[in-house]
């Protein structure tokens, strides 16, 4: 029996990096929307300046991909995720396994409402990517990838690790089998929602961390931010249905430390440039890829408005991003915030 | 409630011409063979699960210990007379084995005898002739009772003006259920509020023209002779809740799984026991549901070429105005929630006499019951069409087999099936709430209880329930206003397909309230709700009111009070 190829949807830098790792053991079908990208991959085995493994074959045909592959890794920005799933869904069957790598949220509102008009943004309106997959398709063997996986470092073959989370051992097992190699370690976790949320919420703190660096502040400030950021992630994460444990592992604190110190992170970069005085519009206009954190801040801010919950970092960032508060002012605000309990979640 | 003339008198032809084709008849014909298969498959499972040298021994010893404890502390009338002797023998044999080093073979031998005993104990004893007789007795007896009391005239006793169908309204997807039962195997999963449920469902299955279903009935019910007679005849197999040892539970599961695999339509009360609190079940027992999942996978493995019989899950809710056991049930519930650790399961009517007394009360005083049949689903909770095809949210067909496929083949993956079963149980609970038909009596109970609860929200539930009933009253106008709001909310939910309502709920406001008050727990010696001379709403039994109020729990209606 010939082995079926593995599918990857989305040829961004993370999608390409995952495709490369998968290609060490299997043939990989990589879906890209852009015909230029496909041509580049097919002819030069190259994408975004990075070499791609010879086992990676580009395609622009979702039907063909779904038909050829039993296991698919969708890795597209959250803003395009639902639409992509709607296109893919007719070709999916319950035997498919989907493991996504998108650290963002989707909102699903009643007809005619938008995030700005809806009175109460509740958990029922917010979807993690695994929930989008299950909304839109018959696939229920779903998993996610999360952890400190900066695409550029992965492309450079530096050692790293990831978490594969799913309710199904089968999915974790398959993910492990496909991804694991001697530079890439894979951990399993059963708390799918918790792990997804850890990856999603850490982007907020990453923006804040970039802003601190942009202000030229030192390591004390960063230590403060990371630990308080962690607490905030856990409180928000719990309110959204995640378990504390997910946040203290690789996908939580592991990812948080990596992104909060890295100029390679897009979310970090947004914060950094904000602190340097640029406007959000300008920054987003010349970024090559999506910084999920910006959208996440907006959703989480609206969500906590209805909970008995304060998330000072998120709230302050919201004002910086969307209401013109300067990073300086936001910092002053935060320093005056009456924190008094260090740890109250364990 | 009097029959309003809108109950459908349609009678259903049996979907299979003769009883001899019924799966359950086939099963009982081959009873010996079937039990043998149950034993063999159970043994394989237990041996596989206990491969280590000491493991099987430990399993047997635990079982022995628990069985001896049960015989000593909680013996029942139905227990076989050789119970003590059997386990005494097992004990002696196990003692003999202690000196032997490698006794696996002998242990397996003991295991076989234990499993064989359990399998015989569980196995139903369906007899066609007795089924027919029992059915006629139920039909005839009930019809006589009904007619004698409804039409107060000499000679009415022998008329057939009223039938059970006036008393018990069957609503929902009846046609689909009949079609599905022809093409596949139906697993019916009803809510469970009263001991009456099993007989009621048995009657419904018959009157819908379906072949008898098999179901696990609590062994305690066989203590009551009249019940035992009916259940033996109606395809029941026995479930002994006192036996919680792994060997017994495995045998029971294999029995259920193989029966479903053989195409025997089955009935589970997925809540396990009667709802003590009066709430619609929110967590289900996964064990028996899991056997349906296993059976489906096993069928797919056996028939790779599309010949596989499909299993359909059909949720059912039973709506009563009055549950005889309510005061006792809520008492047990409060006791267990309040921290009392243990109580022996008690039977409210341990005699046939009490049971018959209830039935007469029930049929003569008229408190209608409605049974809602939900849409059929496959084992993953996808709705199926009338031809049994699974359909996804987007209207596309799904091949249920694909859920059990890995790398192109149907495979066994217990963890996956457990997860699927959990998912199925969540969907069944959602369906329960959706097809539940709200009666006026449910809603008056909810509204009155909530109004009082709100006035005393500083008290915790237990202190609140201890308030003297005389202190509680609501002026009719206040009650009416709140009731009207709650009703509106319920009717709105109905349009969103989140709940169903009885037709009478839409009537004129005062009439609906009166109807509700007249019917809620109408035969309890202490009425949960009534109006006093001044016209105010009062209660004589707050605990029981709490029970009836709980029926509307989980719909987020509190905010309208």
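Cβ coordinates come from backbone N, Cα and C, glycine included.
Caution: TrEMBL annotation is automatic and unverified by curators.
Matching A:15, A:49, A:147, A:324 to the sn-glycerol 3-phosphate binding residues that TrEMBL gives (A:103, A:202, A:255, A:265, A:266, A:267) identifies A:147. NADPH binding, as stated in TrEMBL, involves A:13, A:14, A:33, A:103, A:266, A:290, A:292; the candidate among A:151, A:221, A:330 given for that site is A:151. Taking the C-alpha positions, the distance from residue A:266 (NAD(+) binding site) to residue A:33 (NADPH binding site) comes to 22 Å. Other than the site residues A:103, A:266, A:267, same-chain residues with C-beta atoms no more than 8 angstroms from the centre of those residues' C-beta atoms, the substrate site, are A:203, A:206, A:259, A:265, A:268, A:290, A:291, A:292, A:293. Between the CA atoms of residue A:12 (NAD(+) binding site) and residue A:290 (NADPH binding site) there is a gap of 10 Å. Across the domain 'Glycerol-3-phosphate dehydrogenase NAD-dependent C-terminal' (A:191-331), DSSP classifies residues as 105 helix, 0 strand, 36 coil. A straight line from the CA of residue A:267 (substrate binding site) to the CA of residue A:15 (NAD(+) binding site) spans 17 Å.
Computed over the domain 'Glycerol-3-phosphate dehydrogenase NAD-dependent C-terminal' (A:191-331), the whole-number mean pLDDT of the model equals 91. The number of other Cβ atoms within 10 Å of the Cβ belonging to residue A:290 (NADPH binding site), over all protein chains shown, comes to 19. Across the binding-site residues listed here (A:13, A:267), the residue whose Cβ sits among the most other Cβ atoms within 10 Å is A:267. Of the listed recorded positions, namely A:33, A:103, A:202, A:266, the sparsest Cβ surroundings within 10 Å are found at A:33.
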